[in-house]
Each structure stands twice: as C-alpha cells, then as structure tokens.
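Peer 1: Please read through the structure below; I'll follow up with questions.
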C-alpha cells in the first residue's frame with residue numbers, strides 16, 4: 001500500500017474538527033461542505049472492498065430526497081446491493097478518524113478482511129445533479145487513485161442506474177450491458193414486449209404526468225423518451241430548469257404532506273407520479289372530481305405488482321413461493337388485503353431497505369416496498385430459469401404466453417434496488433394489461449387513515465424496540481401505555497421508533513377515521529414526551 005500517496009492526497013481533504021458521522025442505510029448524509037474528507041476516504045474504502053471481493057464496487061454521490069444544500073455518499077456491493085454491514089462499520093471508523101490514524105485503520109481493515117493489496121481494483125462512480133456533486137465525486141476519484149485503483153466515472157446517473165451497472169459488470173453482462181444506453185435498451189424492450197397485447201382504450205395512448213423533483217430523473221427520462229413505444233406519453237414537471245432540487249416537490253414531499261407538488265397542474269382524475277431527487281422512489285396520485293387528493297404509495301404499488309405476478313403464477317401452474325415484505329409503516333388495510341383476499345404471505349421487517357431486501361431474498365419471488373415508494377421485486381435464479389424455460393419450451397399456448405409476460409416483467413424490473421423509472425414502467429405496463437384506471441387501482445382497497453408525528457427527546461437511544469419495531473421494550477411503561485390508548489379507538493394500531501439520524505422519536509398511528517388517527521398519534525406522542533425524556537414544548541394536538 002502506497003501510504004505516501006494516501007497521506008499526500010489526504011492532506012488535500014482534511015477532516016473538519018469535531019465532526020462525527022455514521023454510515024447508515026442511506027450511507028453518509030450531511031451538509032455538502034462537510035463531506036470532502038468523507039468522499040476521499042470512501043474512495044479508499046471502495047478500493048479495499050474491490051480487492052476483497054475481486055469485483056467492481058460502486059460509489060454514488062447523492063443525498064436522495066434531502067435538500068439541495070446537503071449531499072451524501074453510499075457504496076454499492078458487487079451484485080448492485082447495499083454495502084454489507086461489517087463494512088458499514090469500517091466506513092464509519094474511517095470517516096471519523098484523525099489524519100494520523102488513517103494508515104493504521106486501512107492496515108487493520110486489510111488484516112481483518114485478508115485483503116490482497118496486489119490485486120486489481122475497479123470502482124464505478126456516479127453522481128446526482130446537486131451543485132456540490134461534481135467536486136465531491138472528484139474527491140472520491142482522488143481516494144481511488146491514491147490506492148492505485150482503476151475507476152470509471154459515469155457522471156450524472158440515477159442511483160439505481162449505478163447499482164444496475166455495477167451488477168452488469170460483475171455478472172459479465174449477464175444482467176445487461178454496463179452502460180446507460182444498455183439500461184435504456186433492456187427496460188424499453190421489456191416494456192414494449194410486455195405491453196404489446198394491452199387492450200387499447202380510445203386512441204390507445206396512455207398519458208402520465210411526472211414530477212421529477214428537479215433532479216436527475218428528469219435528465220434521464222429525457223434521454224430515454226425516444227426508446228419508449230409511441231403509446232406511452234409522458235409529460236415532465238419540475239425538470240430542474242427553474243427550481244431547487246426536492247423543494248416542495250418529489251416523492252417524499254408528496255408522501256409526507258399528502259398533497260400534489262408545487263409546479264404540477266393537477267386536473268381531475270389525471271394519473272400522476274413523483275420521483276425523489278435521485279430517482280429511487282416513486283409514488284402515484286390523483287385528484288378526484290370533488291378535488292380530494294388520493295395517494296397511491298409503496299403499499300398500493302406492492303399490492304398491484306404482487307397481484308399481477310400471483311395471477312400469472314396461477315396461469316403457468318407453478319407453485320413458486322411468493323411473499324410481500326413490508327415494514328411497520330405499511331397501512332393495515334394493505335396487509336389485510338394481501339393476506340385475506342389475495343392469500344399472499346406478508347412478512348414485516350425493521351425499517352430500512354436493506355432489511356426488506358434481505359428478507360425478500362428468502363423467497364422464490366420477494367416483493368418489497370417501503371410505504372415511501374422505495375422497492376422492487378427479487379427473483380431467485382432457480383425461479384427465473386424455470387420461468388424463462390417455460391416461456392421458450394412450454395407447449396400449452398396460454399401457459400407459454402403467461403410465462404412470457406413473467407419473463408418480460410423480470411427484465412423490466414431492476415432487481416438490484418428500488419428504481420423509480422423501472423417501477424414506473426412496471427406499473428404502467430400492469431395498468432395497461434389489466435385495463436385499469438388509476439381510480440380503479442386505488443379502489444382495490446381503502447387505506448386506513450393514519451398520522452406520523454415526531455417527538456424531540458434528549459437521547460433517542462432510550463427507546464428500544466422489538467417485533468420489527470412494532471413494540472417498545474424501553475422505557476418502562478411506554479408500551480403498556482400505547483396498548484391502553486390503542487384499545488380506545490376502532491381499527492387502530494400505533495408504534496414508536498427512534499429516528500436513525502436525529503434525536504427524535506417517530507410516532508405512527510392509524511384508526512378508523514382521520515380524526516381518531518390524529519388523536520391517537522397525539523396521545524402516543526404525549527406518552528413518549530413524558531416517559532422518554534421529551535425536550536422543548538410538549539406535543540400539541542393535530543388539527
């Protein structure tokens with residue numbers, strides 16, 4: 001290891017005094033001005049990870065749905081999945097080290113992981129559209145070069161595109177071509193094949209308004225538009241030409257505020273969707289004729305996709321094991337509909353995409369979506385091979401056609417990570433094939449009214465949870481109080497969990513009416529404030 005080069009470059013990327021950050025599900029995220037040293041060190045770590053795995057590793061510079069002045073970075077493992085947890089700890093340790101400790105930490109990682117420093121290292125780098133991203137990605141490149149690694153800088157790409165290209169590279173392009181054009185070609189071909197037999201209504205054109213959060217999604221959809229079949233008409237809003245990234249728009253804004261984004265003219269019953277800043281989340285919505293806003297979030301998306309796949313599995317007569325994976329935030333109505341009406345098993349995990357992804361891998365077909373619209377579908381190699389074999393060799397025409405639809409669905413889905421572009425195309429294909437309007441999709445089941453609140457506390461670590469974060473273990477008496485409150489409302493449930501990033505406790509409540517959901521959330525918030533060391537003003541009733 002050339003420690004002289006590491007030290008020389010390190011002097012150009014000094015760590016601000018007193019700054020401590022932790023690598024979480026979203027990697028590192030904070031104000032862009034505090035991230036230069038982090039980016040450099042993640043370049044170093046990516047080289048070691050590449051040598052360890054003998055694979056290409058990805059580094060994505062993005063802060064997703066955070067404000068424009070923030071930025072962040074996350075590493076992508078060989079098959080396009082998130083960085084393994086042991087290496088998250090190395091990332092945190094390296095990020096917070098003083099200059100003189102970097103050498104010893106790198107040496108320690110190499111010893112623990114038995115890294116052969118003579119191996120070739122390859123790193124793919126991508127970035128979002130934030131003003132700070134180009135300079136920060138250069139800092140990553142400095143880290144890669146300091147340890148003698150090779151890099152390919154893809155420049156402006158969506159987060160899911162970088163995950164996709166890392167997977168393509170490490171599967172010798174079995175998954176697809178490791179280029180942005182390869183991504184466009186694979187998805188558009190699968191979409192075209194899948195929607196060929198869609199019954200055309202009216203002129204057969206499907207019109208969709210897309211809020212791009214003033215982010216990278218707009219650039220990439222513009223590039224991809226000429227690959228789409230003529231019957232899919234998309235109109236882009238918040239395309240980054242006027243307003244700030246994620247400001248009063250994007251999937252997170254629409255989900256949290258339950259209203260349309262700024263800059264999108266929403267006419268009654270028009271089908272619309274919103275991406276987030278790095279295009280890995282998507283939510284749909286519409287206004288009805290009375291002007292009421294309807295949100296179709298990750299739960300509705302998971303239900304639509306899993307219902308479609310289950311119907312095809314029945315047609316091909318295959319007993320492949322399928323399940324839907326949710327978090328505690330999933331609406332109770334979606335869980336009941338899947339289990340009781342569709343007879344699809346539902347499993348609950350802790351919040352965080354990596355937990356859902358790992359659980360989904362346990363099934364032949366695992367569908368997972370967080371309520372915020374981040375999710376995808378995973379197929380095991382065995383399930384995929386079986387489906388592809390039937391699509392080619394099956395003698396029964398109906399079974400073969402159903403298998404072909406499943407095969408095209410597999411090709412349309414980005415299995416590496418939640419992908420707003422891919423998920424949008426899957427949803428549009430299913431709606432076209434089933435002849436559903438957005439209103440009919442929404443009517444599959446009615447969401448229970450719900451409310452999310454947060455309570456400021458002195459130390460969020462006083463809250464410890466169990467049962468996939470649905471029950472509080474500490475502080476003493478809190479869960480008993482929540483149980484008592486829940487009993488006073490119909491169709492209700494509530495849970496609390498510590499935030500992963502700030503000293504607040506997140507409160508979720510649902511009930512038979514919005515008034516009751518609001519009231520329950522407020523009462524649970526008060527219990528948290530009094531029993532878990534609340535600070536500042538006590539929670540106020542929701543109006």
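Using the three backbone atoms N, Cα and C, a Cβ is placed for every residue, glycine included.
Just so it is clear, the model here is predicted, and its values are computed rather than measured.
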Peer 1: Would you please say which range out of 285-316, 317-348, 349-380, 381-412 has the annotation coiled coil in TrEMBL?
Peer 2: 381-412
Peer 1: Of the binding-site residues 370, 498, 506, which one sits closest to residue 278 (Mg(2+) binding site) when you measure Cα to Cα?
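Peer 2: With Cα distances computed to residue 278 (Mg(2+) binding site), the winner among 370, 498, 506 is 370.
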Peer 1: Whole-number answer please: how many Å between the C-alpha atoms of residue 370 (substrate binding site) and residue 276 (Mg(2+) binding site)?
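Peer 2: Per the Cα atoms, residue 370 (substrate binding site) and residue 276 (Mg(2+) binding site) stand 14 Å apart.
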Peer 1: Please work out which recorded stretch in 53-87, 297-435, 454-524 has the most C-beta pairs separated by under 8 angstroms from the domain 'Phosphoacetylglucosamine mutase AMG1' (178-283)?
Peer 2: 297-435
Peer 1: To the nearest whole angstrom, state the Cα distance for the pair residue 500 (substrate binding site) and residue 280 (Mg(2+) binding site).
Peer 2: 19
Peer 1: Cα of residue 280 (Mg(2+) binding site) to Cα of residue 372 (substrate binding site): how many Å, rounded?
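Peer 2: Just about 10 Å between their Cα atoms.
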Peer 1: Do any residues of this chain, six or more beyond the ends of the domain 'Alpha-D-phosphohexomutase alpha/beta/alpha' (53-87), have a C-beta under 8 angstroms from a C-beta of it, and if so which?
Peer 2: 23, 25-32, 35, 38-39, 42-43, 45-46, 119, 122-128, 130-133, 136-137, 140, 159, 162-167, 169-171, 213, 244-247, 250-253, 276-278, 280-281, 353-354, 357, 415-417
Peer 1: What else in the chain is close to the coiled coil (381-412), if you only count residues 6 or more beyond its ends and a Cβ gap under 8 Å?
Peer 2: 186-187, 189-191, 193-194, 308-309, 312-313, 315-318, 320, 364-365, 422, 425-426, 429, 433
Peer 1: Say we define neighbours as other CB atoms within 10 Å of the CB. Which of the binding-site residues 498, 500 has the fewest?
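Peer 2: Looking at the binding-site residues 498, 500, the Cβ with the fewest others within 10 Å is that of 500.
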